[in-house]
Amino acid sequence: MNIIKVKNTEMGGKEAFKLVKEDLENGAKVLGLATGSSPITLYNEMTSSDLDFSNITSVNLDEYVGLDADNEQSYHYFMKDHLFNKKPFKNSYVPDGSNPDAEAATKEYDKIIEENPIDLQILGIGRNGHIGFNEPGSPFDGTTRKVGLTESTIEANTRFFEDEKDVPRFAYSMGIGSIMKAKKIILLAYGEAKADAIAATVDGPVTEDCPASALQNHPDVTIIVDDAAASKLK
Ligand SMILES: O=P(O)(O)OC[C@H]1O[C@](O)(CO)[C@@H](O)[C@@H]1O
């Protein structure tokens, strides 16, 4: 694992953008994208750049179950607002959270991932080490599936909703097995709240208790962290 320590999220966005730009120049055609606050400064760099993404495909990690694409709290909306409205892609795939049939929605997404192998996957990380919505205990060979969100994740995501009871309890998430198939991975983590998860990911055992620890077995992972998130690394 290659670790890049940065002073703040803006510098993290610039470092991540350099890697994204380089991979696109080397022929990358499919980007795996994440939501949440961590990738926002990267998306700011992408939208203010002169890069053209109209020949690039994106595949997002996850979407809440029960939110339509036009719901302002949906990850569909988040991605349009932070990236796609300013930099359109050839195709932008996000799990269909509006489809109550989990079997159909997850199978459909697995097919999309199969047909669009990911060259470069962007990840955030949850306080409990989740990647996408793969909470602790998620199988390392998992494909797209409906996952129940832990209290920690519901609490962390309440900040985006009027009331904690409005936070969806389920999501469709790309599995760890699918994430591990990406050729390259960039994980972004900022702030003290991520320090334990980063230490467990990098220095801890490979265990389902920390989903991100699976990344220790991936050949090309770059972790971009600010000093606070890196504060518990050995
Ligand atoms: O970047 P944030 O907002 O801390 O979110 C961390 C993680 O939590 C999620 O938003 C899911 O709750 C993931 O998609 C994200 O990687």
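Using N, Cα and C of the backbone, Cβ positions are placed for all residues, glycine too.
Please treat TrEMBL annotations as automatic predictions, because they have not gone through curation.
Taken from TrEMBL, the feature active site, proton acceptor covers Asp62, His130. Residues or ranges marked as active site, for ring-opening step in TrEMBL: Asn128, Glu135. The feature domain 'Glucosamine/galactosamine-6-phosphate isomerase' is assigned by TrEMBL to 25-218.
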Assigned conformation of Asp62 (active site, proton acceptor) - DSSP reduced to three states: strand
Which active-site residues sit within 10 Å of Asp62 (active site, proton acceptor) - Cα, from Asn128, His130, Glu135: none
Neighbour tally for Glu135 (active site, for ring-opening step), based on other Cβ positions within 10 Å of its Cβ: 21
Least Cβ-crowded entry, counting other Cβ within 10 Å, from the active-site residues listed as Asp62, Asn128, His130: Asn128
Between Glu135 (active site, for ring-opening step) and Asn128 (active site, for ring-opening step), the C-alpha gap once rounded to whole angstrom: 8
Segment confidence, the domain 'Glucosamine/galactosamine-6-phosphate isomerase' (25-218), expressed as mean pLDDT: 96
